[in-house]
Amino acid sequence: MNDRWLLISLSLLVFCLFCLSLVAGRNPLPIWQAANEALTDRSSVFALILTEIRLPRALIALFAGATLGLAGAAMQGLLRNPLASPDLIGSSSGAALCAVIVLYFGWQSVSLALLPLSAMLGSLVATALVFALAGRDASITTLILAGVAVNAFATSAMSLLLNLAPSPYAMRELVLWTMGDITDRSMDDFWLMLPFTLIGWSLLLGVGRQLNALTLGEETANSLGVRPNWIRWRIFIAIAFAVGATVATTGMIGFIGLVVPHLLRPLVHYEPARLLPASALGGAAMLLAADIGVRLIPTEAALKVGVLTALVGAPFFLYLILRSRKEQL
Amino acid sequence: MSLLEATAVSFKRQQQTLLQAVDLELQAGELVGLIGPNGAGKSTLLKILAGLQTPNSGSVKFQNQALTQLPAKIRSQKLAWLAQGGTIHWPLSVERLVALGRLPHLAAWQSISPSDQAAIEQALQQTGIAHLRTRDATTLSGGERTRVLLARALAAEPIVLLADEPIAALDPGYQLQTLELLRAFSQEKRACIVVLHELSLAARYCDRLYLLDKGCVVDTGSVTKVLSIENLKTVYHIECEIGCNKIPWIIPRRYLYN
């Protein structure tokens, strides 16, 4: 399949899943009626469900999924490592820790933007820390170990905050949030996330060719006119913006950044530049599908979307490790 | 015309002196060999000449312009550097990998033009890998991989090619073919510096040699001057036989312990 057809098919898939996400639920929404009513009488029940519940949820899933897929592809290209992804190398947990700190102390009441801003800072610090620990041409093992160390620190700090949470209610809030969830989000949440996400994405525009050149290693890429330090920081900052904003809105949703680029890589002939747009669409499709899934799977308490992606993603991660071990033999 | 000129280049890493006041000059039309034992500083010198590392002191000029003043894009169009060994991280096809050589010539959103495609095609043909174009580059043999990476460097159509041990993984046939290619490349306005360990081949193909040892240029000049029994004994600690029957040859006879 050539690239254009792949991108067209993925776009169609995303569009269908987006529409389905507006309709799907324990009680399906009559979408035409709801849309008509939303345009004429905004106070009707169907219109309210569509514009206040389903639409923000679908939009957040669309943008958050695309961010995670894109960030995974960019990170894997930058580190030339198929096991790099924002959740494995600490970007997500760093963001989550800083966001939890803000939530714990109730600082979000000072300014709503404080939550995404702190998450971005956390994401940047954690990513840079993993990079500093692992070094430039880090092997898979070193990178994963550095990621494990930073993730462990972030998780234990979060556990401490949960442990010290002032009330069981606050603790429940924090726990649910670290699971990764996009229910009960409003358009305000989406509007808050959007600008930072778009800044992050725009920073990734045009890095594809440099990522292609990095296929030959940093020094050869440098001889081709790529500045490795510059590209590295550009991607770290882009991921900090986009993943930080996403984590601040949805909590930690794991494995999309790992799984999606992996599945799509053979379809773009392993070219990092071509993988970026495909992974963004693939990530959006996966999160939209997972979010539809949690609504349709009959469980007593509502299933969190981050739990579902982790349940699917963790075995996939194991499979990747086994495969890379086999390749080393 | 002097294409590349290094003056009193010194380079230190972690208190260790890797290069000490090295002078080097490359004229248009020349194929210059860098020889010397392992750890002599040949690869470091090549990286400095390619602008990938900055010397602690001394200067490198490309066409009489300081290399550090040259914008990265221009530098990468004029100078191609071929890494020793060479890594390929993703299983790209051979053709896509060779196409990476055109990167310095492309504007931000410009796609590959017919002239770029022609340069890629020529590089594939010159290195004899056109039949491998659709193959996954990570599954190639050592020799094929070397030729693919050389094709990548040639596709850039540089003025100066800096090749670090390009024939190390090749069989004798491909060694000769590659050096013929570098010889043909080094014509008119272009030139090449090549790091070599095969002294007989260096003698046969290079116009001039630089003999490096412990970061210093021990001797430089014509092949017959540099490849003397005395020089090889001092630098490599070997006793060898040198002869010339139209083509010079060197046979190492014995390693001299201390």
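Just so it is clear, glycine is given a Cβ too, placed from its N, Cα and C backbone atoms.
TrEMBL annotations: computationally assigned, not manually curated.
Per TrEMBL, the stretch carrying the note transmembrane segment among A:88-107, A:168-187 is A:88-107. Which of A:10-27, A:190-207 counts as transmembrane segment depends on TrEMBL, and there it is A:190-207. The recorded stretches the transmembrane segment (A:235-263) and the transmembrane segment (A:113-133) share 3+ CB pairs below 8 A when only pairs 6 or more apart in sequence are counted, and are therefore in contact. Highlighted: of the candidate stretches A:58-79, A:88-107, A:140-162, A:275-294, A:301-322, A:58-79 has the greatest count of Cβ pairs under 8 Å to the transmembrane segment (A:190-207). Counted as Cβ pairs under 8 Å, contacts with the transmembrane segment (A:58-79) are highest for A:275-294 among A:88-107, A:113-133, A:140-162, A:275-294.
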